[in-house]
Amino acid sequence: MRLHKIFYALFENRLSDNLEELVQGKKAVESPTAFLLGGQPGSGKTSLRSAIFEETQGNVIVIDNDTFKQQHPNFDELVKLYEKDVVKHVTPYSNRMTEAIISRLSDKGYNLVIEGTGRTTDVPIQTATMLQAKGYETKMYVMAVPKINSYLGTIERYETMYADDPMTARATPKQAHDIAVKNLPTNLETLHKTGLFSDIRLYNREGVKLYSSLETPSISPKETLERELNRKISGKEIQPTLERIEQKMVQNQHQETPEFKAIQQKMESLQPPTPPIPKTPKLPGI
């Protein structure tokens, strides 16, 4: 029981510090908006913030679950125990912190950005319903990125994090990425049908808006998203990314991993075929 009280006190202290830091330079508004973000792992959801900052003139608070994972009071000990699998052991803590922060800040009416993936519909529906009860307008902005690009994005992110700190680098299994890709279009269609979101938008990595339910309310986002997820990428487009990842993996000494071998195979497949060496014609009498 005493340990529970200590943990609760540590959590409340950290929550207080997080709230104080997040509200710096931000103002509560009379008619607040919450932006829920979606997109498969590696799609680059951070880039959605640019459009939102422009829309709110920067008066918005970003709540990113990942930033709270290392705040777990036993994080260092858990890293030693579980190494790169530590994420799943600290996620319950970061989820609790995220929920507490959303609750406290929404009570006061701050504009919010809430990161997610869109793997399920339950969480966005519950969040949007709760926020609307507090007077919020709710919107959903989703990354529409070809699945090969986002999968490579998960590998590059891991290699970059590994170079910085091998013990806390966050790996995304390909299966988790592919499940998100498979479910996202249907989930987004379900969310569109609920009518909970005043606007559902799709953006690519360049920040170009590909779809808005506000502009085309009778059209589901599913078709546009599926088309972009399955869009074929040319070798010219993908080669710089492959070369960049290969270089990082060599630096991290990850040449023996299945991912490295797959990257090399893909790069080899992009090389133009070697033309056959022409045969030297035989001279008469030789």
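Cβ from N, Cα, C; glycine included.
The ATP binding site annotation in Swiss-Prot covers Gly39, Gln40, Pro41, Gly42, Ser43, Gly44, Lys45, Thr46. A simple way to gauge crowding: the CB of Lys45 (ATP binding site) has 23 other CB atoms within 10 angstroms, across all the protein chains here.
Residues or ranges marked as compositional bias 'Pro residues' in Swiss-Prot: 272-286.
The region 'Disordered' feature in Swiss-Prot is assigned to 249-286.
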- request: Based on Cβ atoms within 10 Å, give me the single least packed residue among the binding-site residues Gly39, Gly42, Gly44.
  value: Gly44
